[in-house]
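Peer 1: Please find one structure pasted underneath; my questions will follow.
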Amino acid sequence: MMMNHWIIVPVVLPAIMGAFTLLALRHDLVLARIFSVAATVALLAVAAALLIATSSAPPEVYRLGNWPAPFGIVLVLDRLSALMVTLTALLALVVQLYAIGTGWDGKGRHFHALWQFQLMGVCGAFLTGDAFNLFVFFEVLLIASYGLMIHGGGRARLKAGVQYVAYNLVGSTLFLFALATIYSVTGTLNMADLAAKLPQLPEGDFALIRVAGVMLLMVFAIKGALVPLQFWLPATYAQAPGPVSALFAVMTKVGAYAVIRCYTLFFSPALPATGEMFADLLWIGALMTLALGGIGVLGARSLGGLAAMAAVTSMGTLFLAVSQFSAVGLSAALYYALHSTLAAAALFLITDMVGRRRGDVLLTAQGPIAQQGLIATLFMAAAIAMAGMPPLSGFLGKLMVLDATRGPQIALGWSFVLGSSFLVILGFARAGSTLFWKSHETGGTPAPQASEPLAITAIGLLLAGLVALTVLAGPISDWMADTAAALLDPSAYIAANTLGKR
Amino acid sequence: MELLIALAVGTMTAVGIYLILRRRAFPVIVGLSMLSYACNVFIFASGRVVAGLPPILSKGAPDYTDPMPQALVLTAIVISFGMTAVIVMMALGSFLQSGHDKVDMGEDAE
Amino acid sequence: MSLALIAALPFLGALLPGLMIRAGRNACALLTGSVTALALLGILLHAPTILGGGVVETRITWVPALGLAADFRLDGLGLLFAGLILGIGLLIILYARFYLAKTDPMGQFYSYLMLFQGAMVGIVLSDNILLLLVFWELTSLSSFLLIGYWKHLPEGRQGARMALAVTGGGGLAMIAGMLILGQIAGTNTISGIIAAGDAIRASDWYLPALILILLGCFTKSAQFPFHFWLPHAMAAPTPVSAYLHSATMVKAGIFLMARLWPALAGTPEWFWLVTGAGLVTMLIGAKIALFKHDLKALLAFSTVSHLGLITMLLGFGTKAAATVAVFHILNHATFKAALFMSAGIVDHETHTRDIRRLGGLRHLMPVTFAIVVIAGLSMAGLPPFNGFLSKEMMLEEAAHTAPWVIPVLTLIAATFSVAYSFRLIAHTFLGAERHDYPHHPHDPGFGLWAAPALLAVLVVLIGLMPMTFASGLVDVAAGAVTGEAVKVKIIHWHGLHSPALWMSLAAVGGGLALLGLFPALLRLWDAAPRPEAKRMFDTVIETLAALARGIDRRLHGGNLADYLWIACATIAGLGLWAFLTGSHVAGGQALQPVPPVVAVGWFALMVGSLAVAIWHRQRLLVLILISIVGLMVSVGFAYLSAPDLALTQISVEVATVILLLLALNFLPKTTPVDTATPRRVLDLGLAATGGLLVGGLIYALLTRDFAFPSIADYHLENSKTLGGGTNVVNVILVDFRGYDTFGEITVLGIAATLIYALTESLLRPGPASDRLRHWENDTQDAGDRHPMMMVVATRMMLPVALMVGIYIFLRGHNVPGGGFIAGLVVAIALVMQYMASGFGWTAARQRIDYHGLIGAGILVAAATGIGSWFAGRPFMTSNYGYFEIWPLEKFELATAALFDLGVFLTVLGAVMLALSSLTRIAIRAGQKVNVEAYDMQDRMGGEEH
């Protein structure tokens with residue numbers, strides 16, 4: 001059978017570029033920048049092409065080593081994976097420009113190599129159709145993220161780094177337990193094969209597969225910062241370099257993606273062994289996340305912490321929509337995922353802007369900073385987006401999520417979403433007026449600072465993305481609806497794997 | 001045999017969990033390696049265990065053990081080796097930066 | 001002009017001032033004004049159609065999936081409000097031009113103002129409830145910016161935050177209400193919802209929807225108990241107060257109640273909720289207004305009171321009452337805006353707004369005086385001004401509304417409003433001229449008083465000839481509200497039989513009496529304890545924030561042990577729950593015997609593990625113990641038919657222990673006790689539970705068979721024929737699942753890269769490198785750093801080890817071995833050199849660049865994979881053949897082997913880079929052991945100095 005080699009490119013291209021940067025470019029920052037940006041641009045182009053191609057075609061399988069599923073590893077390109085890869089490439093490119101524009105990439109060694117490896121891991125995780133391979137690429141993206149997280153060093157950052165690594169190593173171990181259990185019960189690791197086999201599972205094995213499913217869910221919940229497994233996130237996001245936190249905005253989405261993928265494909269609510277169990281767990285987790293996130297935003301003592309908790313809250317909203325496992329729910333979740341990724345990234349970059357002008361990001365009144373008016377405006381826009389206020393996409397996303405929340409617990413879900421929005425609005429209003437208004441009271445002249453046009457442009461691009469999401473919400477949500485429908489009926493996905501045939 | 005393996009895995013897991021709940025980097029790291037031992041044996045055993053049937057094709061071998069888990073464990077071992085190396089160095093770095101190897105954020109908490 | 005364009009114009013206009021301010025304040029104001037004028041013109045062009053009873057619509061699809069569309073619809077009500085918003089907006093722009101000081105950033109002001117204007121126009125033109133929500137929240141945001149315009153004033157910031165909290169919060173409630181409304185009606189278009197009025201009122205969801213929507217309206221229109229935010233919003237510049245807080249924004253809630261009147265009104269719930277809130281608000285507002293000394297505060301509370309009045313009228317739910325409400329909306333907008341602007345003028349001229357410091361201004365500021373008298377008497381409801389007309393009609397309606405308490409309270413409120421209106425006029429302008437004004441006042445230039453004057457003229461015209469100037473507009477607006485044709489008859493004289501007449505007279509008399517008794521009343525008022533709304537609000541918010549901070553601190557205080565405890569407990573608990581709630585049948589596999597030797601090894605493993613837990617404080621000891629555990633594990637692998645695993649485990653074991661040893665060289669050698677016994681017991685309990693569950697799980701798995709045939713059978717069958725290797729595990733690693741291995745070596749490569757980067761940052765000037773420079777080695781040095789035996793042994797071993805490595809590498813495909821193990825073996829051999837002979841000596845002898853090694857390794861692996869593209873095969877499709885090169889015997893070469901080479905290089909490079917990084921730290925710490933290398937021939941090892 002003829003293969004579409006482009007499917008593997010989003011993994012191989014960054015891998016080669018990372019290795020090449022290590023091999024040849026590590027002593028020349030300028031060269032590293034040029035190649036790295038070029039590679040990300042190429043990645044974006046390929047991703048966009050794949051996205052367009054798959055929008056009008058059934059899922060497509062890429063057999064690595066030409067071994068048939070389920071015996072070898074396959075990549076599966078479908079609307080969802082293409083969407084996530086494109087989002088990743090887009091975010092990576094913009095944030096990379098910021099990192100270059102602010103000189104962050106020069107504050108330590110190997111920034112661009114690690115950046116490319118990070119992309120390799122994320123794209124690999126999105127594209128794979130094999131459960132164990134998903135683990136491997138989780139590890140790739142994790143270890144790259146460890147490197148980026150401690151980029152530039154510093155005491156607090158390293159401490160947070162140790163916690164981040166330790167917590168996620170526990171997650172990885174759990175991942176392996178879960179996979180081993182799944183293999184031990186079903187004798188397979190290919191996702192489509194699992195989807196085909198699990199429904200015929202003998203009743204005597206139900207309990208064990210339920211354990212495996214819960215363990216797997218916990219693994220993804222850690223990635224997706226679902227309460228009570230969110231503890232790694234606040235310190236990590238608050239301490240990581242600005243551009244890195246911004247890129248991490250897509251890392252939580254990897255968790256969300258994995259949940260959407262696995263729990264619609266082979267652990268779907270229709271599965272006799274597990275039924276609604278996972279939906280219920282996600283629902284409860286999402287409610288707790290909304291509550292704690294909102295509280296965290298209101299109670300934050302630094303802009304970094306505020307941004308981090310706002311990101312947590314957005315994951316709560318996202319998972320609330322996912323937990324419905326309905327067409328509206330999933331398409332709302334996907335739209336909201338796009339929105340919250342860009343919005344959170346913008347917020348983290350703005351936080352970094354403030355931080356590098358003030359020296360800290362504590363929510364205390366200090367003298368005005370360079371480019372205060374501009375940065376304040378950008379902050380206002382990002383805050384509006386994160387808080388889900390109009391006119392930006394956050395509001396539409398919130399409406400979609402509310403609209404998707406149906407059934408008996410509607411009152412509960414709505415009051416949590418709206419309640420946490422209220423806390424978030426309060427938190428942002430307090431933070432903004434303290435940082436950007438109160439400083440007029442203290443007066444004084446801001447410390448001189450380069451105007452950094454490239455960095456500002458990067459933030460502008462992210463906000464422009466939000467505007468586009470808002471204006472084009474109609475066609476986008478239609479596209480999402482089709483994607484959701486495909487997720488809820490994975491027969492095409494399974495068929496594409498041509499299980500067991502040469 | 002099965003019971004012994006289960007006991008061993010359980011014990012290593014328990015020791016691992018106990019150690020990662022300590023307050024210093026070093027025991028936490030040791031705990032994590034204990035967990036990864038437990039985990040490796042767990043994966044390996046998930047293909048059922050049998051003595052004397054290595055998965056190396058040869059004439060007249062009566063049967064072979066399940067090679068898949070072995071391959072998975074190999075991958076897992078290598079990865080956890082890399083991870084251990086990383087966290088060891090980060091712990092060392094954090095120690096050199098702060099002068100102690102406590103794992104809580106302490107005064108650096110946001 | 002398209003309604004969408006009209007709604008969009010102000011937003012487009014919001015972009016201009018920021019730029020035009022460069023062209024000067026006049027140009028800026030002129031441009032802003034002309035945009036507003038253009039929009040107003042657009043509305044007026046539609047006026048004939050509307051007054052003729054028609055409607056204008058523009059429909060644009062936006063998010064069909066959500067039922068959100070950019071649908072605009074202009075009817076009578078919309079015309080009235082759009083006219084007010086744009087008309088008064090125009091006057092405000094003019095007024096602000098002369099009001100704002102040179103130091104105020106005017107461009108910013110106009111931008112915010114236009115944003116707000118656009119949002120308001122959007123609200124009144126929307127025909128889609130979700131679209132309306134968008135504009136609704138936008139008014140909250142833009143008013144936040146406008147109230148906080150004077151950023152240096154704490155009152156401004158607090159007022160802005162309070163307004164946003166209250167109105168924004170109400171907006172959130174309204175989102176829910178609107179969504180419910182839409183779901184009941186089955187449509188989100190307002191016209192559709194109005195049409196479905198009966199269904200809505202009949203639905204079980206009617207009451208929740210009503211309450212949620214009213215929450216939005218009451219907060220926005222400052223109805224009791226949410227009235228408290230409005231006076232604090234007066235910290236804004238006066239043009240803002242005049243625009244937002246008298247004419248427009250605070251009327252948004254009123255507008256929405258009027259808009260949805262046909263769908264929601266007419267039920268008892270509506271009557272009691274709306275009338276009740278309105279009545280109380282009217283009363284409280286009027287009472288407080290009388291005792292306020294700040295001109296703007298007085299006007300603010302009078303606004304609250306009048307809004308209450310209008311709300312009450314809408315609450316009555318009768319066609320007539322609704323008509324009066326519409327009429328009073330118009331009148332109130334005219335006289336109240338005029339009064340606010342005049343108050344601004346007084347403030348501007350005298351530099352104070354405190355009535356107690358004013359008085360006798362009538363000769364100094366005759367024009368302002370005239371305006372205030374006209375507008376003020378209208379506010380008091382005296383003829384012949386427009387306020388009188390709507391007031392009379394309002395009293396008429398109230399008089400005929402049961403229960404009796406309504407007319408009574410209305411009368412009291414009316415009395416107070418007469419009183420505060422008179423006080424405003426009398427205490428500011430009448431009386432003797434004073435000489436202690438903070439700034440000697442006189443009438444301002446035309447620019448400043450033109451706007452209020454124009455409004456005053458309107459007050460008079462409508463007052464004198466209502467049927468000419470107002471009735472037409474009132475008819476269509478009221479018609480739009482009630483959904484029926486309205487033909488209003490506005491007259492000045494209702495006849496002696498009308499209760500309204502007597503109530504008015506009573507109100508005027510009572511008002512005069514109150515004013516006469518004012519000093520006495522004021523003493524009572526000041527003596528009486530009152531709830532201070534702002535303090536209460538602040539307390540609530542601050543407690544909330546403090547609470548949140550507390551919770552967040554407690555939860556995310558940075559204690560890893562707690563984090564992991566919660567994680568483990570959650571996982572264990574949910575895992576157990578999932579198991580117990582599912583059906584389980586124990587597997588039937590026969591247990592396998594345990595040879596004694598195995599039992600011994602197992603015993604060692606168990607003892608070793610437990611010992612690790614017990615003596616984990618002695619760190620060196622723990623390293624020995626853990627390597628025993630690792631050793632036993634690998635022995636176990638070997639026994640259980642996994643030679644590859646055994647080899648890998650043991651070599652990884654060695655590398656790990658070396659690494660830990662080198663690190664421990666710096667870390668403390670013991671772990672102090674830092675947890676109390678109860679916590680340790682708790683931890684033990686959790687650990688035991690976890691261990692039990694995992695053990696139980698693997699036991700359950702071990703004793704059962706696969707539910708379906710394992711995919712591994714395929715690998716066993718095809719490893720030789722298709723994979724070209726007899727060592728199935730290795731074939732899986734480099735071929736069947738070579739892609740995993742590709743990821744795996746990348747992980748190793750990244751790990752080493754990371755470690756190198758980390759080392760670099762540690763060695764940079766900073767606390768870490770200082771600590772290293774002044775390093776005191778706390779361990780007892782060994783007598784001989786380079787035992788001759790070890791040196792010799794390792795030197796001898798090196799070539800052997802290298803040979804072994806290559807051998808293992810080559811045989812890997814068919815018998816245990818492979819690139820990974822080979823890489824580790826060679827790496828360890830080299831590390832031995834470091835340990836035995838010291839860094840200097842070894843480094844001097846081998847100059848391999850480890851970064852290059854890693855990069856090359858990954859590239860080789862990737863290239864091997866890509867190679868198969870040229871054969872038209874997918875990534876990593878392997879190929880192999882048999883070759884014969886004399887004198888070697890026939891051997892097999894597979895592309896898989898090339899891939900394995902990549903593995904080999906990466907592993908070697910990674911391990912060496914990691915360890916050499918550690919060594920660099922050691923050098924910085926001045927550790928002799930690594931620098932002055934012992935050497936048998938020469939002493940060049942010292943070159944590192």
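Each position is counted from 1, following the chain as shown.
Placed from the backbone N, Cα and C atoms, the Cβ positions cover glycine too.
Dumping what TrEMBL says about this protein:
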type     : residues  : note
DOMAIN   : C:67-109  : domain 'NADH-Ubiquinone oxidoreductase (complex I) chain 5 N-terminal'
DOMAIN   : C:126-416 : domain 'NADH:quinone oxidoreductase/Mrp antiporter transmembrane'
DOMAIN   : C:604-669 : domain 'MrpA C-terminal/MbhD'
DOMAIN   : C:679-767 : domain 'MrpA C-terminal/MbhE'
TRANSMEM : C:37-56   : transmembrane segment
TRANSMEM : C:120-150 : transmembrane segment
TRANSMEM : C:205-230 : transmembrane segment
TRANSMEM : C:242-264 : transmembrane segment
TRANSMEM : C:402-425 : transmembrane segment
TRANSMEM : C:446-465 : transmembrane segment
TRANSMEM : C:501-525 : transmembrane segment
TRANSMEM : C:594-613 : transmembrane segment
TRANSMEM : C:745-763 : transmembrane segment
TRANSMEM : C:792-810 : transmembrane segment
TRANSMEM : C:848-871 : transmembrane segment
TRANSMEM : C:891-915 : transmembrane segment
Peer 1: Mind pulling out the one from C:37-56, C:242-264, C:446-465, C:594-613, C:792-810 with the most Cβ pairs under 8 angstroms to the transmembrane segment (C:120-150)?
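Peer 2: By Cβ pairs under 8 Å, C:242-264 leads among C:37-56, C:242-264, C:446-465, C:594-613, C:792-810.
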Peer 1: Could you tell me what the rest of the chain brings near the transmembrane segment (C:501-525), counting residues at least six beyond its ends with Cβ under 8 Å?
Peer 2: 290-291, 380-382, 388, 391-392, 395, 399, 407, 410-411, 414-419, 421-423, 426, 494-495
Peer 1: Examine the transmembrane segment (C:242-264) against the transmembrane segment (C:205-230) and state whether at least 3 Cβ pairs sit under 8 A, considering only residue pairs 6 or more apart.
Peer 2: yes
Peer 1: Out of C:205-230, C:402-425, C:446-465, C:792-810, C:848-871, which stretch touches the transmembrane segment (C:891-915) the most, going by CB pairs under 8 Å?
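Peer 2: It is C:848-871, which has the most Cβ pairs under 8 Å.
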Peer 1: Of the residues in the domain 'MrpA C-terminal/MbhE' (C:679-767), how many are helix, strand and coil by DSSP?
Peer 2: 70 helix, 1 strand, 18 coil
Peer 1: Could you give the mean pLDDT over the domain 'MrpA C-terminal/MbhE' (C:679-767), rounded to a whole number?
Peer 2: 92
Peer 1: Quick check on the domain 'NADH-Ubiquinone oxidoreductase (complex I) chain 5 N-terminal' (C:67-109): DSSP residue counts for helix, strand, coil, in that order please.
Peer 2: 28 helix, 7 strand, 8 coil
Peer 1: Which residue counts does DSSP yield for the domain 'MrpA C-terminal/MbhD' (C:604-669) in the helix, strand and coil classes, in that order?
Peer 2: 54 helix, 1 strand, 11 coil
